[in-house]
Amino acid sequence: MPHWAEERHRRESNYVALEAGLDEGESIRRSEHSRSGCGADAGCWRCRGGPGRGSRRSRRSRGPGGTAGPVDPPAVDLLAPPPDPLALPPALDPLAPPPPDPLAPPPPDPLAVPVAAGPVAGQDPTSFVGPPPFRPPTFNPVDGAMVGVAKPIVINFAVPIADRAMAESAIHISSIPPVPGKFYWMSPTQVRWRPFEFWPANTAVNIDAAGTKSSFRTGDSLVATADDATHQMTITRNGVVQKTFPMSMGMVSGGHQTPNGTYYVLEKFATVVMDSSTYGVPVNSAQGYKLTVSDAVRIDNSGNFVHSAPWSVADQGKRNVTHGCINLSPANAKWFYDNFGSGDPVVVKNSVGTYNKNDGAQDWQI
């Protein structure tokens with residue numbers, strides 16, 4: 001072969017080798033190997049890349065600079081049987097957890113701040129915007145207070161309100177959780193708001209009265225139910241019975257029955273003087289009295305308390321002997337005094353009549 005033809009053949013062999021993924025040195029060796037008259041023999045040291053060097057496969061597995069190059073595909077077993085299209089899938093492990101649902105909502109963030117779900121009847125979680133239609137009012141409960149679940153919101157104005165609807169629209173009540181409720185007026189200078197049912201335990205309540213703001217919280221749902229049919233007071237905390245006390249309520253003689261209804265704690269005194277003359281009964285009359293009592297918890301503005309009465313312990317749990325108050329033993333009255341606070345409800349049932357006096361504490365009868 002002429003020299004120029006041999007050189008052309010060598011270059012063409014290099015191009016073919018480079019396109020097949022071989023480096024230039026390997027292509028030169030192939031060219032020399034072909035000129036030497038050797039066939040493509042796997043046992044030839046030339047075909048293996050020369051003495052002391054790796055095979056062609058090992059050299060192809062290295063890229064430029066010694067880095068990993070393309071890897072040959074795995075071998076296929078031509079004798080393996082084809083997959084059975086009718087074969088059943090492997091049985092699921094009944095103890096294995098179900099796979100996650102890609103459409104399921106993400107779990108709640110335990111660190112997220114609770115937000116009211118939206119307005120309900122009587123509530124408005126938005127901030128008041130605009131000129132205030134009244135001077136800054138005062139609130140009860142006071143800002144930051146912890147109260148019972150029967151506590152209403154009391155808003156006192158500096159001057160009488162002529163347009164009550166406008167005033168109500170400027171007062172935004174909201175709570176977490178949201179609960180429906182209503183406004184009601186006690187006087188031209190006082191409006192109140194309460195939920196239709198007791199506040200849930202541990203509720204956060206916010207008030208925005210034309211830009212004057214306040215907030216409070218409820219504690220546990222502590223409820224006393226005085227049942228005149230059994231002469232027992234049952235106390236529940238968050239729906240679970242915690243205490244049952246024998247009691248005595250208002251006697252029939254003289255019309256002193258304790259009326260049915262929902263009361264709530266207004267205030268309490270370690271000791272207080274009770275004087276029948278304060279409601280028109282002379283102290284020296286047959287129904288009169290004047291004595292000092294302990295652990296007295298006021299539940300209305302008509303003279304009714306839950307209090308200690310050591311003189312009526314023998315009657316408690318059996319009969320009614322009081323002038324309207326709820327008598328407890330000294331130990332039970334002390335527990336009641338220590339645990340019940342502002343806004344905790346006292347429900348009287350199976351008695352006579354209904355609590356309907358306009359004494360400023362009849363919120364749950366309105």
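Quick reminder: no glycine exception, Cβ is built from N, Cα and C everywhere.
Given the structure is predicted, the values throughout are model-derived calculations rather than measurements.
In Swiss-Prot this protein carries:
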- His307: active site, proton donor/acceptor (ACT_SITE)
- Cys325: active site, nucleophile (ACT_SITE)
- Tyr289, Ser302, Gly303, Asn327: substrate binding site (BINDING)
- 26-35: compositional bias 'Basic and acidic residues' (COMPBIAS)
- 80-111: compositional bias 'Pro residues' (COMPBIAS)
- 222-349: domain 'L,D-TPase catalytic' (DOMAIN)
- 21-119: region 'Disordered' (REGION)
- Cys325: site 'Binds to carbapenem drug (covalent)' (SITE)
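Where Swiss-Prot records a feature, it is marked here on the structure.
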{"residue": "Tyr289", "record": "substrate binding site", "contacts (Cβ under 8 Å, 6+ apart)": "Met274, Asp275, Ser276, Val283, His323"}
{"residue": "Ser302", "record": "substrate binding site", "contacts (Cβ under 8 Å, 6+ apart)": "Tyr279, Gly324, Lys357, Asp359, Ala361"}
{"residue": "Gly303", "record": "substrate binding site", "contacts (Cβ under 8 Å, 6+ apart)": "Met274, Thr278, Tyr279, His323, Gly324, Cys325"}
{"residue": "His307", "record": "active site, proton donor/acceptor", "contacts (Cβ under 8 Å, 6+ apart)": "Val272, Val293, Ser294, Asp295, Ala296, Val297, Cys325, Ile326, Asn327, Leu328, Ala333"}
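The domain 'L,D-TPase catalytic' (222-349): residue composition by secondary structure is 17 helix, 57 strand, 54 coil, according to DSSP.
Within 10 Å of the Cβ of Cys325 (active site, nucleophile) there are 25 other Cβ atoms, across all protein chains. The binding residues for substrate are recorded as Tyr289, Ser302, Gly303, Asn327; their greatest pairwise CA distance is 16 Å.
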